[in-house]
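*Asks:* First, the structure itself, so that you have it in front of you.
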Amino acid sequence: MSKPLFNKEISLHRLHNQRRISFSLIERCRSLLNPGVAFTRELHELFRAQGKFGSKDRRLYRELIYTYLRYQPWLDSKRSDQEAFMDLLIQLAVPTAEIRSLYPTLANKPAIPVEEANRFKLLGKEATEIKELLPDWYALHTKRPLSTKGLLTLVTRPPLWLRIQKDPGDDIIKRLKEPASPEQAALIAKHPLIPGCIHAPADFPLANHPCYLNGDIEIQDISSQILLLMLKDSPRGKWLDACAGAGGKTLQLAELLRPYGKVAAHDLRSSALRELQSRAKRSGLKNIEVLAKRPTEGSYDGVLVDAPCSGSGTWRRHPYLMRQTREKDVFDYAKKQLSILKDYSNLVSEGGLLVYSTCSLSRHENEEVAAKFLETETRFIHQPLAPRFGFDDLGHGITVYPEDHNGDGLYVRAFRRVS
Ligand SMILES: C[S@@+](CC[C@H](N)C(=O)[O-])C[C@H]1O[C@@H](n2cnc3c(N)ncnc32)[C@H](O)[C@@H]1O
């Protein structure tokens, strides 16, 4: 009879240790919030320096750190009471298995976690007050006024969105559910409107899942999936994905271009291209070519410029960007985006498409850059996007907000080269 008690004591001791470590990691992360700091790389280094962290530890600490970042302006004044601060943080976090394991350490144990969309109430706040968590310039940059639904979405972690990459010819949903817990399995479903799109819970353990390892499915945010589906005529021919990163959109584009078309993928970052290469291999797609150097000549039926940006559309997933980004960064990005767009526009063949996109919600990086491009580049005209998924292209491009599909926010605009 004494052994379980002993184990329980050890386990409680370990949980209290995790709370202590979380608090000290959060303190250290505060110094990583200066503009320009590569937050995820530094966090990775911080975890690595601890040596003994396993993947569960990393998931636990990341969830708590990201929760802190979402609510930072409201939480900072509470740091002086470490225990009360940690109690609050654990209840604000998404109740993943790792977070739930900390519940026995709470002073007042919650029987049921507060619903995610209402967790801010633990801080005695109203939904409209969530705007205090955003940088003060943000509301002036978005075309759509801030709504309660939009604010609530910004402080909640998005689900995991997947794209069916290879038609496996059997019930992929059933296979995905196999290793999931009953709570996770209940949230796995095909999207009713967006072909090939699957919703899964944020903490779904995908990394070692056979459907992922064999390339049947890929991780891709729902709004990102919609972007390429909105091109009026399905893409065909030879395309260039000029800012391909690790290939989120390249893989979908290659799938859409099959069986006759192909895509060349380029990015300034060789590490991203290496990841793209391994994802392409996993997908089994044969129509992707990776270009380490920017193509200087030749012409393409379509060029996608998914430009580097301030990333406000991804604040839900990357809350450190909400803390790091200054208004000046937005204007700096806008200059860069116009220059990149002009540069790659030269590679579009006559009659071809140029697609400009960002994961920013600032009109300065979106509509304004597109308008400036058209002002000087008279070879191009506005190309309406198909009015699908409930969005309307009123001649200025389409902005998808995080609350529209419970994903990222992004902007997309297409131009047709006419001469
Ligand atoms: C928004 S990310 C691209 C995301 C990617 N398309 C996806 O769907 O996952 C922008 C990318 O542009 C790259 N980049 C920045 N300047 C560039 C340039 N002049 N030419 C090509 N790529 C560039 C960055 O390295 C970054 O990977």
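Placed from the backbone N, Cα and C atoms, the Cβ positions cover glycine too.
A TrEMBL annotation is a machine prediction, not a hand-curated record.
Under the heading domain 'SAM-dependent MTase RsmB/NOP-type', TrEMBL lists 148-418. Marked as S-adenosyl-L-methionine binding site by TrEMBL: ASP267, ASP306. The annotation active site, nucleophile is assigned in TrEMBL to CYS359.
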*Asks:* On a simple 10 Å Cβ count over all chains shown, which one of the recorded positions ASP267, ASP306, CYS359 is most densely packed?
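*Replies:* For the recorded positions ASP267, ASP306, CYS359, the Cβ with the most other Cβ atoms within 10 Å is CYS359.
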*Asks:* Work out how many Å separate CYS359 (active site, nucleophile) and ASP306 (S-adenosyl-L-methionine binding site) at their Cα atoms, rounded off.
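*Replies:* The Cα atom of CYS359 (active site, nucleophile) is 8 Å away from the Cα atom of ASP306 (S-adenosyl-L-methionine binding site).
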*Asks:* Can you see whether DSSP assigns ASP306 (S-adenosyl-L-methionine binding site) to helix, strand or coil?
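*Replies:* SS state of ASP306 (S-adenosyl-L-methionine binding site) = strand.
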*Asks:* Which value does the mean pLDDT take for the domain 'SAM-dependent MTase RsmB/NOP-type' (148-418) in this predicted structure?
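*Replies:* That region's mean pLDDT is 94.
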*Asks:* Tell me the coarse DSSP state (helix, strand, coil) of ASP267 (S-adenosyl-L-methionine binding site).
*Replies:* coil
